[in-house]
Amino acid sequence: MAVIPAKKRGRPRKSVVAEVPYDSLASPVSENSGSKRPRRNASKKAVANFAQLVHAGRDDVINTTQVNNVDDTDDDDFVLNDEGDGEESDNVEIEFENELESTKNEVADLNSSGSGASVRPSGRRNTVQKLRLKKNSTKNMKSSSPGSSLGQKGRPIRLLKDLSSARDKIERIYGLNKEKLLLLAKVKEGFETSVFDFPFKNIQPDSPYFVCLDPPCKKESAYNKVIGDKNRTVYHEINKTEFENMIKLRTKRLKLLIGEVDAEVSTGDKIEFPVLANGKRRGFIYNVGGLVTDIAWLNIEENTDIGKDIQYLAVAVSQYMDEPLNEHLEMFDKEKHSSCIQIFKMNTSTLHCVKVQTIVHSFGEVWDLKWHEGCHAPHLVGCLSFVSQEGTINFLEIIDNATDVHVFKMCEKPSLTLSLADSLITTFDFLSPTTVVCGFKNGFVAEFDLTDPEVPSFYDQVHDSYILSVSTAYSDFEDTVVSTVAVDGYFYIFNPKDIATTKTTVSRFRGSNLVPVVYCPQIYSYIYSDGASSLRAVPSRAAFAVHPLVSRETTITAIGVSRLHPMVLAGSADGSLIITNAARRLLHGIKNSSATQKSLRLWKWDYSIKDDKYRIDSSYEVYPLTVNDVSKAKIDAHGINITCTKWNETSAGGKCYAFSNSAGLLTLEYLS
């Protein structure tokens, strides 16, 4: 008989046993028993006998005749038990007893058949041994990162569903940086119970849950570098008649129905919210008188001269408001005509609002309004930047008026203009106080230094078509990441230091000419629309981890986020504005997401063709999270489409938000 090594776990590759004495089985086995299982008392004795054989020395042999030409040293499939009495000893004992019983059955079959032919080992033995090998290798694996639980599990992560626990998920998508995880813990603790609203005290600097990551343009003062005395914006004042000759805003009054209250508003009129059916809500509706293409808050955190409650809101207005197919609204070719930007001064505490400036320019329609928060000067309100239909980025100084009297100005020369002769700039974002990254009509991406804007730092192709959105993901713990979305439907993220080797595809969706993408710094994630009815979030360092947030039966057209809290606003083509808490989705596990992730409709615009009347519905409606729903998008009246929505991002006014529809009705509310 073959020699059985001692202190080996598992059953060896045994040679054919020619004869086994009946004494070892306690009772004879009949010849016609075949594959019948032996009686239980024989099984117990067989288990005891084979257990003794395992504990025998290497030179001990079974008292049977050894078969010739059998290599008894082939024991490579054994797993040595060198761990002593480890914590898995009980499980190993059970597995070993099961192995012994299986071996006993095979020996019984050999005796009953009387054949000397070799028998192929059962598949169960190989399975158990593979499981044992896997368990031992996992147990002995050393984690590459201290504190990592994923490294100890040794499981590949390819999809979000592979991260079942919240701890594993957070480790994979955010990393193990303790300072970063501490900030995320503050956000989770302070806002995870805030389903549709949040405490005002949590966004105050003295709150233990206060987290505010400043954008790249705010890192340092850059006014002297970017503008200074050489690049002043040139204006000249005009009167109201001259303005009306250049800009044809709406002249007729708009009929409104707010709750149960009928009203008519002319251009420039403001109406506060009446007492609504679901309670008192603080805010107002302002008739801009044209198509609002974008809005932007100047986030003044500390200003002792005017008070912390005073904020400025810039509103870009087009005079072509009632014709969606007007040739002046084209986006793929260069266009030059007159348009205007209105500057509002507002007290976020009392919600007193006054229009202080109207700036007329000839750059065509403008979008991507952004205040350069690093440009400060005593004579300025701020420095406003935007993309225009001319295919340029323009920077304007907004001069501070001595009074709140409304003035009209004509811009003759901007402070700074960025452009290339080969293609039109379509979108941009800040990389630092002195650099911006731009997307172009031809699919290229470029970086401009504002101190030397004539030639870009780089000019590389990323897409094959018109780039719709560029957004920078900034963090104190990783390099800045840039995302781009184009008409072809590709969503890429990359490190601008090395685009070729870092470009990663986040997703691919159907092509569209409206795919909003914004960066939410509190959860280090991009919030974006798929060009249709779904709102999603993806961390910038884990492109595979796409989290659905909201699914609607209409196209999502505008997204608003804040650096102070994780609440996300989403406007849609059917006139709805909804709010959801993205932190509840990203900072929890993937299980029961439909129960924890909800969204709330705040407002809904409607339009009656028969009565030529706009109605705003203030009733709340809760939507559950649904995934993979069939799109049921409908065609709605163009006047109710939400064109833009923005949070105020200051501690004093952090609960204020504004949004506008295509009819030029600007709505502002203080969330309470």
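Each position is counted from 1, following the chain as shown.
Every residue gets a Cβ built from N, Cα and C, even glycine.
The model shown is predicted, which means the values in this text are computed figures rather than measured ones.
Over the DNA-binding region (6-18) the predicted model carries a mean pLDDT of 49. The DNA-binding region annotation in Swiss-Prot covers 6-18.
According to Swiss-Prot, the feature compositional bias 'Acidic residues' maps to 71-100.
What Swiss-Prot records for CYS375-CYS383 is disulfide bond, and it gives experimental evidence as the kind of evidence. If you take the C-beta of CYS375 (disulfide bond) and look for same-chain residues 6 or more apart in sequence within under 8 angstroms, you find SER221, ALA222, TYR223, VAL226, ILE227, GLY382, CYS383. For the recorded site, CYS375 (disulfide bond), the DSSP three-state label reads coil.
The region 'Required for DNA-binding' annotation in Swiss-Prot covers 1-158.
The region 'Disordered' feature in Swiss-Prot is assigned to 24-45 (among others).
Annotation source Swiss-Prot lists region 'Disordered' at 67-156 (among others).
The region 'Sufficient for interaction with TFC8' annotation in Swiss-Prot covers 159-672, and the record cites experimental evidence as its basis.
Under the three-state DSSP scheme, CYS383 (disulfide bond) falls in the strand class.
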